[in-house]
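Read through the structure below, which is laid out as structure tokens, and then see the notes.
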Amino acid sequence: MKTLIKRLQDQQDIWKRIEIVGDIVIIGVPFNKKPEDLVEIANEILSTFPYVKSVWGRHRDVNGTYRLSTYVHLAGEKRSETVYKEHKCKYFLDFTKVFFSEKLSYEHLRVATQVKRDEIIINMFSGFGPFSILSAVLGRPKIVYSIDLNPYAYYYMMVNVELNKAYEVLPIYGDAFKRIYELEDADRIIAPLPELADKAYEVALQKVKKGGIIHLYTEVETNKGEDPVRIAMNKYRGSYFGRIVRSVNPHKYHVVVDIKAN
């Protein structure tokens, strides 16, 4: 893949958007291009790298209740289901049916390495399971309650629990804002849905133990010269750490803040 990237140095808006998901390559479609403009590159990827079986284009939009991007098949097998390897884990998923972002890989590891043995954890928006399963594998908590409203995410999460033998993870299908009240209070709550950060924060404060930790992912819009991390940390009481997860556009960011409940 590095060879192809070097060949695309003059098209930085394309090569910076390439993600490898198992045996599938996803190319983010730049604002100034159409999916069909990427077909030649997609075919070159297939001919250069035999392990790549399919190439897809992804529009930048994230829509609907399940936060799904719009994908366009470009070349190779018309298949979007694959096994994705990240850190010590394997995940079976269909990226057209569940939220997927390789950019969250660092966050999955950062959170998981903070988990302590026998913790009670609630993941409010679990998706196909990367936060929950890696936390179980590395931290050996007592239990990770993993909630998601997307039936496909719930299905893949159950498969991935078995695939990784992460039996501390308990998949729960439904609305986190309702199902969370059926659960015991947690030592740690993960809330990785930036669009619903304010509501998630208020609910998490009710269900986290005193001295417990909330990992809250939020959207921040800035004016020129403003620090999105500082804005987020000032907004959410108890914040002691923050970092930019990704830039959505020049004035909007996804930021994570770690919060200690008092």
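Every residue, even glycine, has its Cβ placed from backbone N, Cα and C.
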Can you find which of F49, F92, F125, F241 Swiss-Prot lists as binding S-adenosyl-L-methionine at the same site as H108, D148, L149, D175, A176? F125
Least buried by Cβ count (within 10 Å) of the binding-site residues D148, D175: D175
Between the two most distant Cα atoms of the S-adenosyl-L-methionine-binding residues H108, F125, D148, L149, D175, A176, the distance in Å is 22
